[in-house]
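Asker: Look at TrEMBL and you will find A:T157, A:K183, A:T194, A:E280, A:N402, A:T407 tagged as substrate binding site. Per TrEMBL, the feature active site, nucleophile maps to A:T194.
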Number of protein chains: 2
Amino acid sequence: METIESMKRISRKNIISPKGFKAVGIHCGLKHKKNDLALLVSEVPASVAGVFTTNAIQAAPLSVTKQVVYETQKMQAVVINSGNANACTGKQGMKDALTMQQKTAEHLGIDQNLVGIASTGVIGEQMKMEPLLAGIEQLQPLDSLEGSIQFSQAILTTDTVTKNTAYATAIDDREVVVAGVAKGSGMIEPNMATMLGFITTDANIESEHLQQALKDITDVTFNSITVDGDTSTNDMVLVMANGMAGNNALTPSHPDWQSFLNALHAVARDLAKMIAKDGEGATKLIETKVTGAVSDEEARKIAKSVVGSPLVKTAVFGCDANWGRIIAAVGYSGATIDPDDIKIYIGTTLVVENGEPIPFSEDELLIYLKQHEVKFVVELNQGTGEGTAWGCDLTYDYVQINATYRT
Amino acid sequence: METIESMKRISRKNIISPKGFKAVGIHCGLKHKKNDLALLVSEVPASVAGVFTTNAIQAAPLSVTKQVVYETQKMQAVVINSGNANACTGKQGMKDALTMQQKTAEHLGIDQNLVGIASTGVIGEQMKMEPLLAGIEQLQPLDSLEGSIQFSQAILTTDTVTKNTAYATAIDDREVVVAGVAKGSGMIEPNMATMLGFITTDANIESEHLQQALKDITDVTFNSITVDGDTSTNDMVLVMANGMAGNNALTPSHPDWQSFLNALHAVARDLAKMIAKDGEGATKLIETKVTGAVSDEEARKIAKSVVGSPLVKTAVFGCDANWGRIIAAVGYSGATIDPDDIKIYIGTTLVVENGEPIPFSEDELLIYLKQHEVKFVVELNQGTGEGTAWGCDLTYDYVQINATYRT
């Protein structure tokens, strides 16, 4: 993606790289010490698109924000707390979510229907509204790098690093910037996108087309990662497009439509990979590319089966070139395969051909597997379908983090 | 099941409790020290039924044994090695599997088509045939408890305990015994039954009806457990019925048909629970019962989603009453639910009602969760479907075992 001529990755990449956005993050008291309240604001109401968890149990903030995305179809601000998911909190939880939206709108002096909200953290505990509301009063969005850093910190839970990216592209000979920030870590099995992701752009585009673009790229980015197979109750990705780049309105027939899609795709893919790499307890990013499947969809299904396998994940943690677990995960993926016509590469080393073992140097693969990013390639020879998925290794730290999460 | 009057659990339960079976296990050299070769023999050819992994990648021994089950429809002996799965070993693997069958038949002086074979262990390595064939020559089946113990040890891989059970029931006023032995531990996500299970009975029953009975109980026993969500390439459950109890041939219209089904069900359920409890690295058995689902199938799907969730599993390991993860797993199971009409119990403590948190004593639940078997009940109030699934906690030891499996 980085090689596309008309697009460049922005070095000082952050959520306010596009024109007309401000951000801030503070500590309000839902967590012990770390930042736990974040606000992103656009100078003007922005076109908005969103994708939400497919879990049948959905947290209160999702109802509130879906209303903004699907009914208002414009968003000017989004406020996020970490430390409490406001999920499975019943009527009180819904009331609290609406209050969070209302107080943010009042504080900013904008219409309540233009404010999105998101929450992440423990499920099943009522929100502490006193510190939350006091915190909202203190939010002063900044157009500086500092504000953006605070924002990206305040949305984290067990994440160990902040996740930012941005790309610039040319549309109508104007520079349009697309930037994104995300949190991930645990309960990551996006069937949409089990995480929080916020993407900003100064592109001029109606919500309808923005929604279509987001949906199209979600399957091959956020929906192609897994940390632990647990689909969360709270996750969403929002895109706000405030039009301040001044391009002609983007539609699929605009000559630069593909440039915009490429930038949006690159931002989403970067965030997805950063989430996978920073999965709870992870030491490594695992990428699996599948080619020759009967369809792209099946290729992604197989790739996700491999990166999601606890046995593959622990083998990668142990730097063990145990390809038997890779082929077993291909086998139980449910996709169409011919066991006698499979090639598997670990890095660039062929380890299986026609379903039979190929001798390889364990020492060389050990060196390869000690790297922070490992790649498997599975060639099926059944068709032209291709797909890639990303995951992470399964480590002692994953167990430690999740055995003691509430304590 | 134990309360059914006509059936009793056998105290000194083992695979040769039914009349006319002998067993033995030895060390032949596929593993360093432990027993790795096992043989079970019936005095006379037995009716046979089998269920096999649904993984599209299937090990060579499965082809060989399926031939016996589906074509011969009789089995007199089954030989099993541990230490090498003979999976993904191509043409050489198939040749080796047939040799293993042939040499066992010659050693016992019976028809090759009456011999089943099974392998478990590392995937993708060719079988060391020299020690295997020398081992087969040494196999002397015993009708003593000792032989049965050796057998149950020799089929293990990372299992920490042997798994035996047996029940006696009355059919035509004769005692009929059904006994079972299994190995499990890792790569357990039965979509059939990802494990090895061997069930013997002296009941008189044709293969056709035995196969139907086995299929019927598999869904609610072996297919209702999970250790790590990885469906193996090698797994099978075989039932051998040698008829030596002398009852009239069992068919679904036999007055004692249900008694036989009950005994078979009890054996399969015991083995399934033992496998779940002895999952790799596990310290606890997790049972989840779901009631009020729209169907039994959906109830089992939800129950499996809960016991399979890495976040539920780590919480149980940490003795954390984190019911939010239970309800999240219910939500992403894909089954029909109403989030506002769910009750969840941890043990007998109600923690969620109408989708809202119910205050409970963390201390009391901590004591409950420190036990070796923990039970969750999920009431959905959507219909009359019921189902139960079993799993185990996810621990540091699971990671340790699987990060270093081949080394």
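From the backbone N, Cα and C atoms, a Cβ is placed for every residue, glycine too.
Note that TrEMBL annotation is computational and uncurated.
Let's see these features in context: how buried, what's close, how far.
Answerer: All chains included, 28 other C-beta atoms sit within 10 angstroms of the C-beta of A:E280 (substrate binding site).
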Asker: For A:K183 (substrate binding site), what is the tally of other C-beta atoms lying within 10 angstroms of its C-beta?
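Answerer: So the number of other Cβ atoms within 10 Å of A:K183 (substrate binding site) is 28.
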Asker: By the criterion CB under 8 A from chain B, which of the binding-site residues A:T157, A:K183, A:E280, A:N402 would you report?
Answerer: A:N402
Asker: Which of the listed binding-site residues (A:T157, A:N402) has the least company, meaning the fewest other Cβ atoms within 10 Å of its Cβ?
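Answerer: Each of the binding-site residues A:T157, A:N402 was scored; lowest Cβ tally within 10 Å is A:T157.
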Asker: In terms of DSSP three-state secondary structure, what is the assignment for A:K183 (substrate binding site)?
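Answerer: SS state of A:K183 (substrate binding site) = strand.
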